[in-house]
């Protein structure tokens, strides 16, 4: 413990040097912007700025690049809440209740809650990273393909809590998403599936173009066909802040989101993407008023926003403790260290304590900076809504196209986004919720891969899923959740989902 | 105060016009003459995700080239289908020297995989003019620290005793880390199951987590884990022992005629004018001799292994035969 504090003090002595502070600030600022721009996520932001770091020393480079990563999780919420455009995959869930809050005139409050939730979760994540990184890294390694499969099955079970529409509509959308996720090269046999000779489809349909198209473009396309009311014109400062009741509603979800997000984030294999989905579903499962979700529930913003921040910090655990990447972003960060002559590996902390602890300490500082950066800007961001839609929307469409193109320099991605925009408009017309579709698309390829990897490991025996303790526990949890739902169905108790179905039936009659 | 109403057409057109103008302000491209090449920015396609094998070489390379030709050299990432998307893009690019490709050893395998599946190859090796090889990292076969094997012989004995019981991970089917293992398994006549993953990082993660027992990796990528004792090197795929691993025997010493390098090379599309190719070769030769480039390669754990066009061509032809052989030995996988 004392050694940790000594090391952390060393870290702060590095992180608080004016030049390092400056680069941390630049990273956080760029991250916020990158998160806000639709399409351009942390991966694109970091790769664009990677060459800029060549002239810097390793500490400054990693501090700045990491700042972009966790800063983007703050910025991602802004466009989701105000315009229903997910800046990147992790903020899809924020679109739903965040945007609903904006339409009720509580956009400022939603932004504040997102910023504070992100700060709490980010700081919690760094504290955990400081104290228990090595044992947690060892734990993360026990998540092999079978455990990952079980976790994703749990994600599928949670789908039922994902949407403000009836169970039938939710599952329909999820099935479409899962089918879209089947497009691409079969990882085990090398066959092209549904690629129609377009090599860009070999890696499947990207999540970002689909999310930006379905949510952002869909919303924009549906605007001209209805009377637009911009209620937030001259927001008063008092109205920007969450009320006492809203804070109370947000507190527990922020706490749960932080813990859940961190745990999911440390698992290798891009699990952090599903952290915000899991958190949203968890909050709805625990909520006393599940029907409020989708219509501006505070918990639906606080939980997922905290979860994705904690997850992005959690993703550093395997990278720093073991030298293993959890996903594409940490892989680029490791490459950045490598380019500066620091091979990432288990010995990073002993061989380069300045870099390691300077980096950890900079995250404490960075999270404070982001809070200071984001809270005062809430008023400014909300004012963006004052721009008449006729000027605002074409600009947004442009940013969407540029952003989506920038990720892979792929024009196919742009076409996918535009097509999904039309689909998103149709879904809105017919009252389908696109969130389960996106979750299906996220889960399908990684579930398929981990399931088939598991079966390679077991030589085809399905028993591997009950022989490995973590996988067995997760699957048991799925069974319990399903049993609870079935029980309430058998007792013919109409729960909120049945009421939603009845409402939809009533609308059509 | 609230602002109610439909979007009117005039306002929408103005907004749309502003956006369209902003988007069309790209770089203008004029006619290129081979003599004064380059007169504008050169684009180098990186066919892998940022920070991948080609990227970490291409970026320091470009920063030195820029100082020599006094024109920007831009790295454009076109990742997808394990490097096939970027390669196909470069193969179809205008052959004027302004679009080049930085690719790795696996460029030789795509056409053979297509043939295996009865598909018409979208591009072949003939679509590219090799310009230079920049680095060549011999691969190393490693096992994780929970395995008892101290030598390749012990590993082989156990694998022979329990066919299809051991598992090796790779960066993906027919990928750069799958091929050398396939060459070795074929030569040794062993049955070891294959666990494909989504890249080099996940392949190492699977090994460290003991979800696989063996892996062929580049020396640079495995060096951190080797130093920490989490993985143990059993054999190298170089022609001679690697300087950083003097105690690890080569496959040749152990009786297998296998060589495999993760090399990175620079290519131009077929049809690029000779004058431009000559200029590119001169610039590359100058670049690899600079201290800045050598130091950048040292940092990523590599030595410059430069081969000019002629030698690179000979090397590539021999290497491609090995790769095609490896693809055929893997064959079509029944899923």
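Placed from the backbone N, Cα and C atoms, the Cβ positions cover glycine too.
If you look up TrEMBL, you'll see A:21-439 marked as domain 'DUF112'. The transmembrane segment annotation in TrEMBL covers A:20-41, A:48-69, A:112-136, A:148-164, A:171-192, A:259-282, A:320-343, A:355-382, A:389-405, A:411-427, A:471-490.
Counting C-beta pairs under 8 angstroms (sequence separation of 6 or more), the transmembrane segment (A:48-69) fails to reach the transmembrane segment (A:171-192), with fewer than 3 such pairs. Same-chain residues lying 6+ beyond the ends of the transmembrane segment (A:355-382) with a Cβ under 8 Å from its Cβ atoms: 7-8, 10-12, 14-16, 20-21, 24-25, 27-29, 31-32, 58-59, 62-63, 66-67, 70-71, 74-75, 78, 82, 107-108, 111-112, 115-116, 118-119, 122-123, 126, 129-130, 232, 235, 237, 240, 313, 320, 337, 342, 348-349. The largest share of C-beta pairs under 8 angstroms with the transmembrane segment (A:471-490) comes from A:148-164, of the ranges A:148-164, A:259-282, A:389-405. Long-range contacts of the transmembrane segment (A:20-41) within its own chain (CB-CB distance under 8 A, at least 6 residues past either end) are made by residues 14, 49, 56, 59-61, 63-79, 85-89, 91, 208-209, 212, 216, 358, 362, 365-366, 369-370, 373-374, 396, 399-400, 402-407, 417. Residues 156, 159-160, 162-163, 201-205, 210, 427, 432-445, 448-449, 452, 456 of the same chain, all 6+ positions outside the transmembrane segment (A:171-192), place their C-beta atoms under 8 angstroms from a C-beta of that stretch. Recorded stretches compared: A:259-282, A:389-405, A:411-427; the one with the most Cβ pairs under 8 Å to the transmembrane segment (A:112-136) is A:259-282. Regional average pLDDT for the domain 'DUF112' (A:21-439) in the model is 87.
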